[in-house]
């Protein structure tokens, strides 16, 4: 009888134990138990039978969202300022990379303008032709080459293959090409050609006459689009999450734009070094050697940081994501990019923003550089002013970067996206008004000790400073954030289309408009009133596209739950549990 009383509950207990989750560890009891004890074991899960298998204890890889009663809570990973160490291991090196990239770009941007604008037989009129007939074809050619190489090389090898030729070229230009410029440039041939064709074609002829300077200009332009847009942001988007991007992308430029201050002062220092040189020494050549030496060092630092990330951080990220299916990158040709742009209103609005910015900034910038050359005809004086300009840009951008997080938090994406076009419209119209009404305001400017030309240079510089600072602190983060809630396929194809088409099209679009104006009206100065009117039309289209994109972006955030500020707005009700 005792065996009967002990046996049946034990069998029943075995059956229930095998189907239970064993939330609480079992405690051993004697083999022969009373019926009451057996029932306690069944109800409370405390009885362990000698023939019942022990549950396998599994160590959780991450803290479980809901722990069963009786389990000890898993320890939370240590965090610093709210983020895990692996996040800081990514963000800090990426910030250092961006610092070096913008440090180089500022030096290259200031130097390329000095070279082509102050070159013999050249001027600001050369820039529109250069951006359309040299820069745009080379940008498209690079894209085709990049797509072909990406099918054959790993992402790490592709990075080195793209960036090393830039570093080698800038070092070789200062050491070899600039000292040999007289032998390399077809000066006499181009002078005869100019006499036959007339001054209307001075821009295209100046490209041929100073082809090494123009090649430097294009390589400096490509550094901004290739190294920043393709290499850096492509790599950053691969190793950061949506939450990290929404927190750190607006602040990425904080440390990086300090580079504008340092690089601006470096440009000014090397431009003034000629004061202590003998009169028969080419001071600009010495300055160029120093500046390009810093560019080469900065490029090597970029490679070193990237190499370290690939060895120390990327393997850890791969191990954390090894359970996720990796999707293949979408490769798009130029024709496919146009077709995709035509299909998506969301991507079309983003493309309008990028193209409108490129056209607007070029319409003002080229006219300003023409005035700048008239005020500073000497290359070193021109370069020194550009150094001060870059320092001011870095200082204002640093301030705007600090304000950007507050703007996003208080006013949202829509207001942040509208600040750049409104800023550019106000300052651009002020600049064009001063250029056109210079004689009218001449007596008032004389009281301040300024000429209309110098006042136009200062107002144009302020316009460029505020436009570029709002771009770095608000426009670029807005553009990158707009990709976040998109589906993976749309995100990849849209970014590819904009990188292939819109970046070079925006830069060359304003240049193409200016070319027609220069050839049709005879000079850049005669085109100024028409350029101001075109600027207004372009910016109005930009503002409309930003407003349309804001509606789609807000709806997409509500649909996906990917809010840029990290939490759903208080006035929005939850759609899902």
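The backbone N, Cα and C atoms fix where each Cβ goes, and this holds for glycine too.
Where the annotation comes from TrEMBL, it is an automatic prediction and has not been curated.
Quick caveat, the model's predicted, so the values are computed rather than measured.
The transmembrane segment annotation in TrEMBL covers 88-107, 158-178, 215-236, 248-270, 290-309, 350-369, 389-408, 415-438, 444-466, 516-543.
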Range from 88-107, 290-309, 350-369, 415-438 with the greatest count of C-beta pairs under 8 A to the transmembrane segment (158-178): 290-309
Selection from 215-236, 290-309, 389-408, 415-438, the stretch that has most Cβ pairs under 8 A to the transmembrane segment (350-369): 415-438
Non-local residues, at least 6 beyond the ends, that sit with Cβ under 8 Å of the transmembrane segment (215-236): 94, 97-98, 101-102, 104-105, 108-109, 111-112, 115-116, 130-131, 134-135, 138-139, 142, 146, 155, 159, 162-163, 166, 169-170, 173, 177, 252, 302, 306, 480, 499, 503-504, 507
Two-stretch contact, the transmembrane segment (444-466) and the transmembrane segment (516-543), at least three Cβ pairs under 8 Å: no
Selected stretch (most C-beta pairs under 8 A with the transmembrane segment (415-438)) from 88-107, 290-309, 389-408, 516-543: 516-543
